[in-house]
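Database features (Swiss-Prot):
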- 192-202: compositional bias 'Polar residues' (COMPBIAS)
- 17-121: domain 'Ig-like V-type' (DOMAIN)
- Asn37: N-linked glycosylation site (CARBOHYD)
- Asn69: N-linked glycosylation site (CARBOHYD)
- Asn112: N-linked glycosylation site (CARBOHYD)
- Asn161: N-linked glycosylation site (CARBOHYD)
- Asn254: N-linked glycosylation site (CARBOHYD)
- 192-214: region 'Disordered' (REGION)
- 1-16: signal peptide (SIGNAL)
- 17-279: topological domain 'Virion surface' (TOPO_DOM)
- 304-315: topological domain 'Intravirion' (TOPO_DOM)
- 280-303: transmembrane segment (TRANSMEM)
Amino acid sequence: MARLPILLLLISLVYSTPSPQTSKKIGDDATLSCNRNNTNDYVVMSAWYKEPNSIILLAAKSDVLYFDNYTKDKISYDSPYDDLVTTITIKSLTARDAGTYVCAFFMTSPTNDTDKVDYEEYSTELIVNTDSESTIDIILSGSTHSPETSSEKPEDIDNLNCSSVFEIATPEPITDNVEDHTDTVTYTSDSINTVSASSGESTTDETPEPITDKEEDHTVTDTVSYTTVSTSSGIVTTKSTTDDADLYDTYNDNDTVPSTTVGCSTTSISNYKTKDFVEIFGITALIILSAVAIFCITYYIYNKRSRKYKTENKV
């Protein structure tokens with residue numbers, strides 16, 4: 001007979017009704033509610049807590065008391081007193097809000113004079129989805145170019161006078177507090193495998209010849225830069241003139257330009273503090289008191305001797 005209660009307990013655990021689940025996303029609001037089965041008794045108090053040991057609120061009549069750093073801004077209690085349903089709303093869900101929430105009813109019979117309180121509780125599981133999906137749209141664009149053929153004969157190509165102009169930008173030297181410079185060099189080549197035909201079409205060889213740098217086609221411009229240095233004694237502006245030829249040489253050489261240093265001096269003025277005056281006053285007062293004490297002692301001794309001398313003369 002002792003095995004029967006154990007068997008019934010195991011059966012109730014196996015076939016118990018699972019807790020309802022609510023699934024929400026991060027940032028959403030979740031509304032949790034539960035109904036009580038005992039509709040005849042009088043509700044004394046209802047409560048909500050989160051497993052394992054976190055009390056959210058206690059509600060009695062029109063008063064709601066929050067615990068464990070929960071506030072009405074985070075969790076609102078939306079149930080009228082002594083209703084069959086108790087409801088809370090969790091706002092702006094985060095990953096920490098996920099878990100099992102339990103509601104409880106504390107009830108008493110209105111016709112019973114005893115202090116017996118019945119208890120019912122129901123649980124619901126809140127799932128907060130933290131997985132986010134993102135879609136990346138990649139658009140690829142391009143064009144194909146098929147080389148055009150020319151009907152020109154090799155001997156005709158050699159007789160043509162062809163020229164091409166190219167514009168190449170050399171790398172910019174790295175400088176501090178100097179305006180950006182771009183050295184533009186124009187090159188002219190008398191021998192290149194590009195032919196201009198009468199029809200406007202062009203034919204390009206697959207392996208063009210290297211382009212040589214010619215010094216006579218360089219275009220040199222002068223650049224004036226201003227460097228402003230702010231110090232505690234004022235603002236110093238330095239004007240410097242730099243031409244692109246010098247910049248080109250600076251880029252190719254490993255020489256560095258020495259920087260200009262602007263120095264300034266700061267004069268510190270010390271003021272006497274209240275503490276210093278107190279110390280001076282204390283020392284002066286001590287000297288005066290010492291002098292007064294010495295005077296009093298001397299006067300006392302002198303007066304005592306005078307009285308003694310007068311007494312001896314009277315006798």
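Each residue, glycine too, has its Cβ placed from N, Cα and C.
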Same-chain residues at least 6 positions away from Asn37 (N-linked glycosylation site) with a Cβ under 8 Å from its Cβ, in sequence order, are Glu120
As a quick check of your reading of DSSP, tell me how many residues in the domain 'Ig-like V-type' (17-121) are helical, how many are strand and how many are coil. 3 helix, 54 strand, 48 coil
Under 8 Å between C-beta atoms and at least six apart in sequence, can you list the same-chain neighbours of Asn69 (N-linked glycosylation site), or say none if there are none? none
What is the number of residues in the topological domain 'Intravirion' (304-315) that are helix, strand and coil, as DSSP sees it? 11 helix, 0 strand, 1 coil
For the topological domain 'Intravirion' (304-315), the mean pLDDT of the predicted model: 80
